């Protein structure tokens, strides 16, 4: 009888912890590394593909073509 009560209480506590954790994690990403790179790319201003660029200024989102001096993505 005591063991049954302990198991029921443990299951209820674990279920409550799962529900609380699920509510807190809404809108966040599962992997922290992906979240940090996403935040970095959203917070930096970069030029869209086809915009003029300089290969040394690193202002394109991906890369700058040194021959055409245009961003490509």
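For all residues, glycine too, the Cβ spot is worked out from N, Cα and C.
Neighbours of residue 61 (disulfide bond), defined as other CB atoms within 10 A of its CB across all chains, total 15. Feature annotation from Swiss-Prot assigns disulfide bond to 46-61 (among others).
Within 10 Å of the C-beta of residue 53 (disulfide bond) there are 22 other C-beta atoms, taking all protein chains into account. Per Swiss-Prot, the feature disulfide bond maps to 53-64 (among others); the stated evidence is experimental evidence.
The feature disulfide bond is assigned by Swiss-Prot to 60-71 (among others). Within the same chain, residues at least 6 positions away in sequence whose Cβ sits under 8 Å from that of residue 71 (disulfide bond) are 46, 47, 48, 49, 50, 51, 52, 53, 59, 60, 61, 62, 63, 64, 65.
Using a 10 Å radius centred on the Cβ of residue 49 (4-hydroxyproline) and all shown protein chains, the other Cβ atoms total 13. Taken from Swiss-Prot, the feature 4-hydroxyproline applies to 49 (among others), supported by experimental evidence.
Long-range Cβ proximity for residue 55 (4-hydroxyproline), meaning a same-chain Cβ under 8 A and a gap of 6 or more residues, is found for 64, 66, 69. As annotated by Swiss-Prot, 4-hydroxyproline applies to 55 (among others).
Residues or ranges marked as 4-hydroxyproline by Swiss-Prot: 66 (among others).
Residues annotated as tyrosine amide in Swiss-Prot: 72. In this structure, residue 72 (tyrosine amide) is part of a beta strand by DSSP. For residue 72 (tyrosine amide), the same-chain residues that are 6 or more apart in sequence and have a Cβ closer than 8 Å to its Cβ are 49, 50, 60, 62, 63, 64, 65.
If you look up Swiss-Prot, you'll see 1-22 marked as signal peptide.
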